[in-house]
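Annotated features in TrEMBL:
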- D10: active site, nucleophile (ACT_SITE)
- D10, D12, D174: Mg(2+) binding site (BINDING)
Amino acid sequence: MTSFYAALLDLDGTLLDSVPDLATAANGMRVELGMDVLREDVIATFVGKGVDRLVQRALAGSQEHGELDPDLFERGRESFYRHYHLVNGDKAVVFDGVMDGLKAMRQMGLKLAVVTNKPTEFTLPLLQRTGLAGFFQAAVCGDTCARKKPDPQPVLHACALLGVPPARAVTIGDSINDAQAGRDAGTRVLVVPYGYNEGVDVRTLEVDGIVATLVEAAQWIARDGSVLPASTVQDMGQ
């Protein structure tokens, strides 16, 4: 029996591939403002620090957006929100292993929470539309707390909602935002290699393990974090 009480999971890039819909909304915004469209793989590198940062990066066409004109940002933000409301979940796909991994965690008796930088108005409908909502007892979104990941506040808030001490929780994500937030909150940290890492190789992050799927994350939790799944090194290409 595991000594962990809860798993706190990131949404975009960990549970779901949501980039197709985010790219549709971002490019809809750009076209509306007289800009050229960007490739989907470029927009994928903009994901991770919430919608406002995504809008800033999409307007600039780069992760390094510098100082944007406030009026341009407000018009872009309004446009992005409008476009994303229309397509949120249309092409989002649950990653392989997610459903089975969540089921295994629930069967272990773990409490589960989503901890995401995505606003509540997009998060809750997306969880419902993709069939994931029923797995989670709590959702901490980008507008739930005063600060977003990589600050530890959302992770700590999720632990409080679940009634679980951070030391008995595992944060699972795909980027430095999740790793830093979970580590600074005092949880254990696992990352998956397939998500949106803002160009930072997850092998360089200070984490407790890299797991190829959420099924392997469940196995790691079941072993109390003592052994990494044998396939992880192979899956990472090492």
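Every residue, even glycine, has its Cβ placed from backbone N, Cα and C.
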Neighbour count (Cβ, 10 Å) for the residue listed as 'active site, nucleophile': 28
Between D174 (Mg(2+) binding site) and D10 (active site, nucleophile), the C-alpha gap once rounded to whole angstrom: 8
D174 (Mg(2+) binding site), number of other Cβ atoms within 10 Å: 25
Surrounding CB atoms that lie within 10 Å of the CB of D12 (Mg(2+) binding site), all protein chains: 27
Structural state of D174 (Mg(2+) binding site), classified by DSSP into three states: coil
Collapsed DSSP category at the residue listed as 'active site, nucleophile': coil
